[in-house]
Amino acid sequence: VMASMAHLQKEKLRLQEELLELQEKLAAQENNEMSLSLQMQGQVDTLKAKLLEQAQEISRLRSELGGTDAEKHRDLLAAENERLRQEMKACEGELRELRRQQQAPCRDCPHLQENAGLQEQLSQLQREAEETRAKLVELDLEVQQKTNRLAEVELRLKDSLAERAEEEERLSRRLRDSQETIASLKSQPQQIKYIIKTVEVESAKAKQALCETQSRNQYLQEQVGMQKQVLKEMEQQLQSSQKTEAQLRAQIMMYEAELERAHGQMLEEMQAMEEEKNRAIEEAFSRAQVEMKAVHENLAGVRTNLLTLQPALRTLTHDYNSLKRQVRDFPLLLQETLRSARAEISQAIEEVHSTNRELLRKYRRELQLRKKCHNELVRLKGNIRVFGRVRPITKEDGEGPDAANAVTFDADDDAVLHLLHKGKQVSFELDKVFPPQASQEEVFQEVQALVTSCIDGYNVCIFAYGQTGAGKTYTMEGTAANPGINQRALQLLFSEVRSKAADWDYAITVSAAEIYNEALRDLLGKEPQEKLEIKLCPDGSGQLYVPGLTEFRVQSVEDINKVFEFGHVKRVTECTNLNEHSSRSHALLIVTVRGLDRSTGLRTTGKLNLVDLAGSERVGRSGAEGSRLREAQHINKSLSALGDVIYALRSRQGHVPFRNSKLTYLLQDSLSGDSKTLMMVQVSPAEKNTSETLCSLKFAERVRSVELGPVSRKAELSSWPSQEHLEGDSLGSAAPPGRGHASPSPGHLSNRSASIRRKLQTSG
């Protein structure tokens, strides 16, 4: 019961606060109405001041203008202004009456917005009245200006008339003088000639004066006509001004009627507002009584509800205690939930990582499969496969912006590289791209499949292309500690031969030659300066061979090293501005593999051509002079001929210019469709070499698009019973039917090979 009483006391206080708020709102409304009445009083005062100013202006105009029509209009306007002043006094009386009515208490008045609308209409009418008064002032000024102009015209007309009268009087005086002179002359007959002459002279002057007077009179008449026309125009303008004034007077009357109508509406609305106020007070009182009755009813309901709230209170107490226990146990539950959530999240992350690893593995497998299929397609089409290798930045490249790295790689595709040339990135797609960190072993793993196909009877050609100093010789020959493709290829051939020794007998021979200044020289011969020629095989097969080219049989890795050392000593290299050990010739290592299957008698002949092309160079950058300049010219000419051959093959022309250079003529078998050909393009990543790098990569793309057709295997059935027969055939045959290089006579070849072997053993 005490709690319910306290609740009723709070409710009573709330109702009292609402009553106080309503009283404050009523006081605020009364203040707003007082402020509005003060604003209206101020507007009335301003209208009074404006009327006084208008009366003063009219009196001033009356004093300035005489008894004209404009003065009559001013009098009418003054009367109208007096009438307006009386109406303003009546409005003031009505405003005082409204102020007295507003002093009575008014609460919750709903007509404040209508009162504001009426005030806006009143202000609009006042603005229109001000605009009308401004137009009247403008008309007064215009009438005054026209009156002044009329007075000026009248003065000018009077002056013109006075001048005309003076001129007529002067002319009449002269006429009388002339008549008197004529009369005096008539009275003197003895001087008639003289008088006649004099009369004639003076009559001419009189005529001239009379003409001048007549012209002056005509001019004055024209001036008078013009002044009359101006006067007529001024009268027309005055009439139009009177019409405008009549229109303005009609508008003023209309505005007065609207003002009276607005005043009547305002009175009616004030009465309606008063009635609405009384009705609102009655409604508020009745509503307060109803609310009070509802409060008493609620109090009774509260009293009845108190009896039923005790069980609910006990229930709430029990719930509160249980919630308190849950809150006390909440940190433990939260920690357990967080542990389980972390475990689930870590498990989900692990699953996502495993899924990503699986997808990455599948992607790489698909990429390898795609690459394998592409390589198979290239093999079937007979395309020239193109590998790219980028050498690292070295100290010879210098420092600064010219030595910056301009080549980047694709992380997802190992066959794409990007070159930054003149601020633009150019992308190239090859069959395989080796970054600078790629080792010699990684490079050879990609080409060993081609090398092993040589054992099966296929012709294979691998040549390195690129600018000077790009690493061609390093890729093909390498160093003693880290050999290149040449030595690794022969080592692989030996291992394959040993693995097939149970069924096959193989003989491996090596030849080395260079093309220096368009001259083919034997690097393993006694006289390396001797020039050799390229000729067609006499068996009519259309294949090429080099008569007199030395073939040296190798049986171990030691033989390979001796052959390479012997040939490397005789190769021409010089120092230029771009490369300390620049190759000045195209080097060719020709490896011939002849095999015999002892069980079937199948004989195969495969040839592996390993070509280290001389580097293309710009004479201005390399600083070549004298013999170096002549060497550079021959190198660039042979590489240009190689480009012409590639263009002709790519565009499928009927004639391919193989004979334009010794290099292209010697590579005719490798580029004419019966050989597996691989081009290793060497690239320099330095910024200063981007122009040469761009040319090399563009040439590589053109080479990659050349289709040579399917490759045939060189195999035939014959009786070849023994290893000795194989060795004798390999060393003693003069001109093999395939693409082998034969010497003129077997005895001469055997003697030369024996002497070379003795020299190698002695040097070893």
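Using the three backbone atoms N, Cα and C, a Cβ is placed for every residue, glycine included.
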(message) If you look at how TrEMBL annotates this chain, which of 231-287, 345-401, 573-629 comes out as coiled coil?
(response) 231-287
(request) For each of the binding-site residues (Ala470, Gly471), count the other CB atoms lying within 10 A of its CB, then report the residue with the highest count. (result) Ala470
(request) Find the average pLDDT over the domain 'Kinesin motor' (383-706) in the predicted model and report it. (result) 84
(message) Excluding near sequence neighbours, so keeping only residues 6 or more apart in the same chain, what lies with its CB under 8 A of Gly466 (ATP binding site)?
(response) Lys472, Leu613, Gly615, Ser616, Val681, Gln682, Val683, Ser684, Ser696
(message) Let me check the 10 A CB neighbour count of Lys472 (ATP binding site). How many other CB atoms are there?
(response) 27
